[in-house]
Every structure is written in C-alpha cells, then in structure tokens.
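Note sheet for the following structure.
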Amino acid sequence: MKGQQKVADIEEGTVRVQEEGAVATGEDPTSVAIASIQSAATFSDPNVKYVFRTENGGAQVMYRVIQVAEGQLDGQTEGTGAISGFPATQSMTQAVIQGAFTSDDNGETDASGPETHYTYFPTDSSTSVGGTPTTVVTTHNSDTLLGQAASTGTGQFYVMMSSQDVLQGGSQRSIAPRTHPYSPKSDGPRTTRDDKRRAQHNEVERRRRDKINNWIVQLSKIIPDCSMESTKTGQSKGGILSKACDYIQELRQSNLRLSEELQNLDQLQMDNEVLRQQVEDLKNNNLTLRTQLRHHGVEIIIKSDTH
C-alpha cells in the first residue's frame, strides 16, 4: 500500500510497520507485524467489530485485536494456540505477544500494569519477513488504521478487554424515572377482598337455605299427616320430605284409579243409551200392533194384577 514502509530489524528481533507516522512493535523476536493495511471505512468484512479505547486517560487510541478462526482450537500449549479454521491441509499456530502498543519508543512488555493486553499473530507470518500479511495493530495520536489480509484468515476479529471497558465505550440507555412511588404489596387489600367475597357467598347461601326452609314448611302444611305434628313436635325436614314422597305416591295411585273409573263410566253411559233406544223401538212396535187389532174388531183387554 502507498505510504507504508516495512523495516525489519533482525539483530534486535523486532519488526516495525510505519503508516503515516503510526508504528506497531512486537516484543517476540519470532513475530512479524504485517504491513498490508486497509482503511477502517473500507473494511472488506462487514462482521468485523472494533472498539476505541484510550490508555490511562491519554490522547492515544489503542487497538487490542485478536483473530480467531471459526473452528475449534486444539493442541494448545502455553504461549501458542492452534487455528483450525483453515483448510485441512494447512495447520497454523499463533504466537502470543504480550504487551501494550503505544508508541515507537515504548516497546517493552508491561506485565505489572493493571491489565494485560494480548495480540495474536499467525506463526507462518512470524517465521519470515516476506510472508503473507494477516493482521496488524497500529497506534497513533490522531489516526489509527486496522487492516486484515484477504488471503487465509477465515475467522473474526475479537477485542479482548473487560466487560466494563466495552460497556463504557458504548452509549448508555437512560432509564425513565418512576412517575409514581413504589408501594410494596401487602396482604391488607387481598384480605379485605377475600372477606368481602366470603361475606357475599355466605349471604347467597343463607338466602338459599331460607327458600328451602320455606318450601318445606309449605309441604308440611299441604300434607295431611304433617299439619298437626309440625305445630306440636316440630317435624324434622327429613320426615316432612319422606311423608311428602308418600303422599305424592298415593295421589298418583288415586289418579290411576279415577282414570279407570272414568273409563268404566263412559262405557256404562254408552250402554244405557243403546238400551233407551231399544225401549223406544219396542214401544213403537207395540203401538202399531194395537192399532191393527182394533181395526179388525178385536177387543183388547188389559189385565192388571191387583191384590
């Protein structure tokens, strides 16, 4: 890229990458800082996330970046980590560089600070100076650029810092104040509501019992056997109901007998009507015969039995 210079210092074991005054140094003699840098505004991968953070309240902006492959890490040892996000035929490891990258002169490891910064570089890039660029971390007072190689890295960039630092960098959402004072729940309203419901239920039950008692009293007045006993000894409700059932059975049987008698009465009335008609016919025949006898000169003597 234009305006970038890569200077390798083999004797001191450090490599510096300069970009318009921005310098990144590595303390590990086997590590290499990559010089292929892209602008943050034209970053190729939209999923890349980065966080700005000043060191100790200063004006410098420091990037802490780690590239992690999508695959699962295996075969880890102290100081190195294996990346499994590359093709099966290519196995790569990462060298861990511990220290803060602040300026060109400050290249020593700071292990006694309040927090430790880690930056991971692929091993194949640290073995040779002319290797394929993968990641770079630069620090500058006014402008800082972060680049990514477009060749082998398939993982995402992750910022390693505490959750408090991440939350401090973002915008905090203000919570609306409570418009009314908070009152803790108490058992008073619930108890009052339960008492009111219980009282209403008791009132409904009382009215229902009163209606049943009134109906039983009416039955005791209708039934002949209970009318006198209820006034003297106070007939029980069960006795009144049992006698009412017996009385209803008797009434049903009486109704059946009455219906049968009515049918017999109807039959008798029909028979009586037939007999009356026959009597009328006989009277007419008798009168006709008497008329014929008189016409022929036969005297008719009617004898009556007299004692």
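Counting starts with 1 at the first residue shown.
Here the Cβ of each residue, glycine as well, is placed from N, Cα and C on the backbone.
Record features (Swiss-Prot):
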REGION    104-131  region 'Disordered'
COMPBIAS  122-131  compositional bias 'Low complexity'
REGION    168-207  region 'Disordered'
COMPBIAS  187-207  compositional bias 'Basic and acidic residues'
DOMAIN    196-251  domain 'bHLH'
REGION    268-289  region 'Leucine-zipper'
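Long-range contacts of the region 'Leucine-zipper' (268-289) within the same chain: none, as no residue at least 6 residues beyond the stretch ends has a Cβ under 8 Å from a Cβ of the stretch. Remark: secondary structure over the region 'Leucine-zipper' (268-289) totals 22 helix, 0 strand, 0 coil, with classes taken from DSSP.
Over the region 'Leucine-zipper' (268-289) the predicted model carries a mean pLDDT of 94.
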